[in-house]
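The following features are taken from TrEMBL:
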DOMAIN    110-182  domain 'Cyanate lyase C-terminal'
ACT_SITE  ARG123  active site
ACT_SITE  GLU126  active site
ACT_SITE  SER149  active site
Amino acid sequence: MVRIYVYITPFFPSPVSTMASSDATIPLGSAPYRDLPDALNKLFIAKARNGHTFEQIGKAINKDEIWVAALFYGQAKATEEELNKLCLVLGISSTSVVSELGPHWYPNRGIGSIPPTDPVIYRLFEGVLVYGHAIKAVIHEKFGDGIMSMIDCHVSVDKKPDPKGDRVVLTFDGKFLPYAKW
């Protein structure tokens, strides 16, 4: 029997969606931010206070919105220069952010409960469970024996108007990596 294990980014409550304007003064490390490092909490608080979207922040620092969101959730690694630009855009001091997320810090990617409990993340997980084998078979037919890289991958989320209700278009644009023979 073949078992497929899919590791999904952990669900952290979205500080932007749950934060009231008075919440910007809550102590760092307290709910709903307890699962994130203090520096990332500071970024979320500043983002909410300024009303920025990930897309707006990304454009301001010349990065994609998905990468910016991944950074906020501790799933991407920024350079010191990128952290300084980010803090400038958010209007916060970069000293503690760079100190905590600088060269010595690395993301802990791909951890979380299986199955995920957040409805959006669960549906993505469900998509892989339902269509994973079919997608794998088509990748092999078109490219050969290999995988799609998640390291060299660009992810985008687009909104497509539809008379029956807007549609979410997810694109995973990953480099094909053939399996090596030795």
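Glycine too: its Cβ is placed from the backbone N, Cα and C atoms.
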Query raised in the report: What is the number of other Cβ atoms found within 10 Å of the Cβ of ARG123 (active site)?
Result: 11
Query raised in the report: Can you tell me how far the Cα of GLU126 (active site) sits from the Cα of SER149 (active site), in Å?
Result: 20
Query raised in the report: DSSP helix, strand and coil counts for the domain 'Cyanate lyase C-terminal' (110-182)?
Result: 25 helix, 27 strand, 21 coil
Report summary line: Quick note, ARG123 (active site) and SER149 (active site): C-alpha atoms separated, nearest Å, by 21
Requested in this report: With an 8 Å cut-off on Cβ-Cβ distance and a minimum sequence separation of at least 6, pull the same-chain contacts of SER149 (active site), or say none.
Outcome: GLY174, LYS175, PHE176, LEU177
